[in-house]
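Engineer: So that we are looking at the same thing, I have put the structure below in structure tokens.
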Amino acid sequence: MSSGKITQVIGPVVDVEFGSDAKLPEINNALIVYKDVNGLKTKITLEVALELGDGAVRTIAMESTDGLTRGLEVLDTGKAVSVPVGESTLGRVFNVLGDVIDGGEDFPADAERNPIHKKAPTFDELSTANEVLVTGIKVVDLLAPYLKGGKVGLFGGAGVGKTVLIQELIHNIAQEHGGISVFTGVGERTREGNDLYWEMKESGVIEKTAMVFGQMNEPPGARMRVALTGLTIAEYFRDVQGQDVLLFIDNIFRFTQAGSEVSALLGRMPSAVGYQPTLATEMGQLQERITSTKKGSVTSIQAIYVPADDYTDPAPATAFAHLDATTNLERRLTQMGIYPAVDPLASSSRALTPEIVGEEHYEVAMEVQRVLQRYKELQDIIAILGMDELSDDEKILVGRARRIQFFLSQNFHVAEQFTGQPGSYVPIDKTVHDFKEILEGKYDEVPEDAFRGVGPIEDVLAKAKSMGY
């Protein structure tokens, strides 16, 4: 192990000098430094980011640099940060370095570990399947279905329900799927991670789940690399065990945000809106590894925060290019009390073709979108002149569109404690059948309010009956 000395500490950036004759550590190598805290030696991991010349390197700390001083000895480990992989990770909670943070016993020193930096699978190793992943959420299954082994992005501004939707997907898919799941919390609230951990523990899903967290209070180095830690654990199950893995990431924007902080600290010239010039490269390196190969599949569901609800912001715009399906959450729908607040016209999926979902499903989905689009066009006329100016056919269409809009809402299992209503899981065939009947006008006389926050059409009729219809 070659060793050097700290020459400068500026926040999470630490400069280390190895001397002009010494062997310099490679980029992305992990360095170790021990700091003295009240007589106890504490290990801090640094990752090499730049070579400055004259035997010096600039590193990013993965933990707080409080207590580091100039002159402290730094050791080069000779390899990248590596984290535990395999069966032993299931049911456990880790940080970016693969250290256990759930209060349980540490991993043995000889546990199998993999480096967090590796190349994406080659072109000939990739595999594409065209099987729909049923979520039990009507608006998703009908209008923007997910693919097994595909990549899904949940886009939305602050407070429109991304994390609740991802938790419902964990509830519905992880419990039905029965396979292995990896949840990665990137720069989000610790409270949400804690809630999710206890929910998973109560439901028993934790036994088949590995959880990795680098939350809001962590230094930018940890937030930037924690997504790679979760991905490394998922890749092992895919490549070595040939498993079909579910990878949940909340939130990809925080990965970009941390990269932006690190880039500024390293002195790189910012690009558009102050983001790092390497934004597309960093996103590509992460996203290209999240893929399905001939050995196994990774189905990833990623929450992506949209700053100020601006979809043209470089961070969400860069992520768009990598996804098979997008679920767009809309603030206007939350204001109408429609949850999940999924925009049925803006959400998209490459799975919505007759070859993949079938002719009937495709036709019903297209007709639902046509009715909603026409309703959107008529809203200006209604706002200015009122409903009376519409033709009879248009009045019928508006009534159906409003019923469809409300019927796209649904009660969630994970929101039961807030709504007081039990959650509902609707099979995809039932969803298609129910929307087809609404489009045919079978429920034109049922009050609109009966369609809010329900599961299948039977719930609507029961609700209408209780309302005295």
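For all residues, glycine too, the Cβ spot is worked out from N, Cα and C.
According to Swiss-Prot, the feature ATP binding site maps to GLY156, GLY157, ALA158, GLY159, VAL160, GLY161, LYS162, THR163.
Please go over these features one by one and say how buried each is and what sits next to it.
Structural biologist: The secondary structure of VAL160 (ATP binding site), as reduced to three states from DSSP, is coil rather than helix or strand.
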Engineer: Which of GLY156, GLY157, GLY159, GLY161 (the binding-site residues) has the most other Cβ atoms within 10 Å?
Structural biologist: GLY156
Engineer: Other than its own, how many Cβ atoms are within 10 Å of the Cβ belonging to VAL160 (ATP binding site)?
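Structural biologist: The answer is 26.
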Engineer: Of these binding-site residues, ALA158, LYS162, THR163, which scores lowest on Cβ atoms within 10 Å?
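Structural biologist: Fewest other Cβ atoms within 10 Å, among the binding-site residues ALA158, LYS162, THR163, is found for ALA158.
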